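Reviewing the structure listed below.
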(Lines of atoms letter the chains of each structure in order from A and count residues from 1; the text may use other names and numbers.)
(Lines give C-alpha, C1' and ligand atoms only; values in the text may rest on other atoms or scores of the structure.)
Protein backbone atom coordinates (compact mmCIF):
# COMPACT_ATOMS: atom_id res chain seq x y z
CA UNK A 1 0.00 0.00 0.00
CA UNK A 2 2.86 2.38 0.84
CA UNK A 3 4.45 1.67 -2.56
CA UNK A 4 1.17 2.49 -4.32
CA UNK A 5 0.88 5.75 -2.36
CA UNK A 6 4.49 6.67 -3.23
CA UNK A 7 3.88 5.89 -6.89
CA UNK A 8 0.71 8.03 -6.89
CA UNK A 9 2.49 10.97 -5.22
CA UNK A 10 5.34 10.66 -7.73
CA UNK A 11 2.90 10.80 -10.65
CA UNK A 12 1.12 13.82 -9.15
CA UNK A 13 4.44 15.58 -8.63
CA UNK A 14 5.52 14.86 -12.23
CA UNK A 15 2.18 16.19 -13.46
CA UNK A 16 2.56 19.40 -11.46
CA UNK A 17 6.13 19.85 -12.67
CA UNK A 18 4.99 19.27 -16.25
CA UNK A 19 2.30 21.94 -15.94
CA UNK A 20 4.78 24.37 -14.40
CA UNK A 21 7.31 23.68 -17.15
CA UNK A 22 4.67 24.17 -19.86
CA UNK A 23 3.59 27.49 -18.37
CA UNK A 24 7.18 28.67 -18.06
CA UNK A 25 7.84 27.80 -21.71
CA UNK A 26 4.70 29.65 -22.77
CA UNK A 27 5.76 32.85 -21.03
CA UNK A 28 6.78 35.71 -23.25
CA UNK A 29 9.32 38.36 -22.33
CA UNK A 30 8.10 41.95 -22.37
CA UNK A 31 9.66 45.24 -23.32
CA UNK A 32 11.43 46.37 -20.12
CA UNK A 33 9.94 49.54 -18.61
CA UNK A 34 7.21 49.65 -21.26
CA UNK A 35 5.90 53.20 -21.77
CA UNK A 36 2.38 53.09 -23.19
CA UNK A 37 2.34 56.81 -24.06
CA UNK A 38 5.35 56.39 -26.36
CA UNK A 39 3.69 53.40 -28.05
CA UNK A 40 0.71 55.48 -29.20
CA UNK A 41 0.34 56.71 -32.76
CA UNK A 42 0.59 55.37 -36.29
CA UNK A 43 2.19 52.01 -37.07
CA UNK A 44 2.42 50.01 -40.29
CA UNK A 45 1.92 46.25 -40.05
CA UNK A 46 5.05 45.22 -41.91
CA UNK A 47 5.51 41.59 -40.94
CA UNK A 48 3.39 38.69 -39.71
CA UNK A 49 3.86 35.09 -38.68
CA UNK A 50 0.99 32.84 -37.63
CA UNK A 51 -0.01 29.24 -37.14
CA UNK A 52 -3.52 29.99 -38.40
CA UNK A 53 -4.75 27.97 -41.38
CA UNK A 54 -6.44 31.15 -42.67
CA UNK A 55 -3.09 32.93 -42.62
CA UNK A 56 -1.33 30.11 -44.47
CA UNK A 57 -4.02 30.20 -47.17
CA UNK A 58 -4.13 34.01 -47.58
CA UNK A 59 -0.59 35.16 -46.75
CA UNK A 60 0.42 35.76 -50.38
CA UNK A 61 -2.60 38.02 -50.94
CA UNK A 62 -2.01 40.21 -47.86
CA UNK A 63 -0.54 43.69 -48.08
CA UNK A 64 0.72 46.20 -45.57
CA UNK A 65 -1.91 47.92 -43.48
CA UNK A 66 -1.97 50.89 -41.15
CA UNK A 67 -2.83 50.79 -37.46
CA UNK A 68 -3.39 53.65 -35.07
CA UNK A 69 -2.92 53.04 -31.36
CA UNK A 70 -4.82 55.46 -29.11
CA UNK A 71 -5.71 55.47 -25.40
CA UNK A 72 -9.15 54.09 -24.57
CA UNK A 73 -11.56 55.44 -22.00
CA UNK A 74 -11.16 52.16 -20.08
CA UNK A 75 -7.43 52.70 -19.56
CA UNK A 76 -6.31 50.33 -22.30
CA UNK A 77 -5.69 50.93 -25.96
CA UNK A 78 -7.84 51.20 -29.05
CA UNK A 79 -6.08 49.53 -31.96
CA UNK A 80 -7.70 50.76 -35.17
CA UNK A 81 -6.49 48.99 -38.29
CA UNK A 82 -7.34 49.83 -41.90
CA UNK A 83 -6.61 47.19 -44.52
CA UNK A 84 -7.48 46.17 -48.06
CA UNK A 85 -10.10 43.42 -48.23
CA UNK A 86 -11.84 42.32 -51.43
CA UNK A 87 -10.55 45.45 -53.20
CA UNK A 88 -12.11 47.76 -50.57
CA UNK A 89 -10.70 49.51 -47.53
CA UNK A 90 -11.99 48.08 -44.26
CA UNK A 91 -11.42 49.52 -40.78
CA UNK A 92 -11.71 47.61 -37.51
CA UNK A 93 -11.02 48.61 -33.93
CA UNK A 94 -9.99 46.27 -31.14
CA UNK A 95 -10.06 47.25 -27.48
CA UNK A 96 -6.84 46.07 -25.86
CA UNK A 97 -7.55 45.71 -22.14
CA UNK A 98 -4.48 46.22 -19.92
CA UNK A 99 -3.18 43.30 -17.87
CA UNK A 100 -1.33 43.71 -14.59
CA UNK A 101 2.05 43.99 -16.31
CA UNK A 102 2.77 47.05 -18.52
CA UNK A 103 3.04 46.00 -22.17
CA UNK A 104 0.63 43.09 -21.76
CA UNK A 105 -2.97 43.35 -22.98
CA UNK A 106 -5.92 41.13 -23.85
CA UNK A 107 -8.78 41.42 -26.30
CA UNK A 108 -11.84 39.46 -27.27
CA UNK A 109 -11.70 38.14 -30.80
CA UNK A 110 -14.70 39.49 -32.73
CA UNK A 111 -14.53 36.42 -34.98
CA UNK A 112 -14.17 33.61 -32.41
CA UNK A 113 -15.40 35.32 -29.21
CA UNK A 114 -12.33 34.01 -27.37
CA UNK A 115 -9.83 36.01 -25.32
CA UNK A 116 -6.36 36.55 -26.76
CA UNK A 117 -3.32 37.92 -24.95
CA UNK A 118 -0.98 40.42 -26.61
CA UNK A 119 2.55 41.18 -25.44
CA UNK A 120 4.74 44.08 -26.61
CA UNK A 121 7.95 42.07 -26.65
CA UNK A 122 10.35 44.76 -27.90
CA UNK A 123 10.11 48.31 -29.17
CA UNK A 124 12.23 51.41 -29.53
CA UNK A 125 8.98 53.41 -29.94
CA UNK A 126 10.41 55.40 -32.88
CA UNK A 127 11.12 52.71 -35.47
CA UNK A 128 9.66 49.29 -34.66
CA UNK A 129 7.66 47.13 -32.27
CA UNK A 130 7.51 43.33 -32.00
CA UNK A 131 4.24 41.91 -30.68
CA UNK A 132 3.21 38.38 -29.82
CA UNK A 133 -0.42 37.23 -29.61
CA UNK A 134 -1.70 33.95 -28.21
CA UNK A 135 -5.15 32.57 -27.58
CA UNK A 136 -7.54 29.77 -28.40
CA UNK A 137 -9.81 29.87 -31.44
CA UNK A 138 -11.78 26.83 -30.33
CA UNK A 139 -11.23 23.95 -27.89
CA UNK A 140 -7.92 22.35 -28.74
CA UNK A 141 -7.04 24.91 -31.42
CA UNK A 142 -4.44 27.39 -30.20
CA UNK A 143 -3.72 30.61 -32.09
CA UNK A 144 -0.29 32.27 -32.14
CA UNK A 145 0.87 35.29 -34.10
CA UNK A 146 3.97 37.48 -34.22
CA UNK A 147 3.63 40.99 -35.64
CA UNK A 148 6.19 43.54 -36.79
CA UNK A 149 4.99 47.13 -36.53
CA UNK A 150 7.10 49.86 -38.08
CA UNK A 151 6.69 53.62 -38.09
CA UNK A 152 7.46 53.71 -41.83
CA UNK A 153 6.43 51.51 -44.75
CA UNK A 154 10.04 50.49 -45.32
CA UNK A 155 11.57 48.93 -42.19
CA UNK A 156 15.34 48.56 -42.24
CA UNK A 157 16.85 45.15 -43.02
CA UNK A 158 18.12 44.90 -39.42
CA UNK A 159 14.56 45.35 -38.11
CA UNK A 160 13.26 42.67 -40.47
CA UNK A 161 16.02 40.32 -39.32
CA UNK A 162 15.15 41.05 -35.68
CA UNK A 163 11.52 40.12 -36.43
CA UNK A 164 12.50 36.90 -38.25
CA UNK A 165 14.73 35.85 -35.35
CA UNK A 166 12.00 36.64 -32.83
CA UNK A 167 9.36 34.72 -34.82
CA UNK A 168 11.63 31.69 -35.10
CA UNK A 169 12.25 31.70 -31.33
CA UNK A 170 8.46 31.51 -30.91
CA UNK A 171 8.38 28.38 -33.08
CA UNK A 172 7.41 29.81 -36.47
CA UNK A 173 9.11 28.34 -39.52
CA UNK A 174 10.56 30.41 -42.33
CA UNK A 175 7.53 29.74 -44.56
CA UNK A 176 5.18 31.07 -41.84
CA UNK A 177 6.97 34.46 -41.74
CA UNK A 178 5.77 37.08 -44.21
CA UNK A 179 6.89 40.64 -44.87
CA UNK A 180 3.89 42.46 -46.27
CA UNK A 181 4.35 44.38 -49.52
CA UNK A 182 3.90 48.14 -49.51
CA UNK A 183 0.74 49.57 -50.96
CA UNK A 184 -0.67 53.05 -51.40
CA UNK A 185 -4.22 51.78 -50.91
CA UNK A 186 -6.00 52.14 -47.55
CA UNK A 187 -3.09 54.03 -45.95
CA UNK A 188 -5.18 56.90 -44.57
CA UNK A 189 -5.45 57.12 -40.81
CA UNK A 190 -8.88 56.43 -39.33
CA UNK A 191 -9.01 57.19 -35.62
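For all residues, glycine too, the Cβ spot is worked out from N, Cα and C.
Feature annotation from TrEMBL assigns signal peptide to 1-26. Summarising the annotation, TrEMBL assigns domain 'Lipocalin/cytosolic fatty-acid binding' to 41-184.
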Which residue counts does DSSP give the domain 'Lipocalin/cytosolic fatty-acid binding' (41-184) for helix, strand and coil?
25 helix, 75 strand, 44 coil
Given the model, what does the mean pLDDT over the domain 'Lipocalin/cytosolic fatty-acid binding' (41-184) come out as?
88
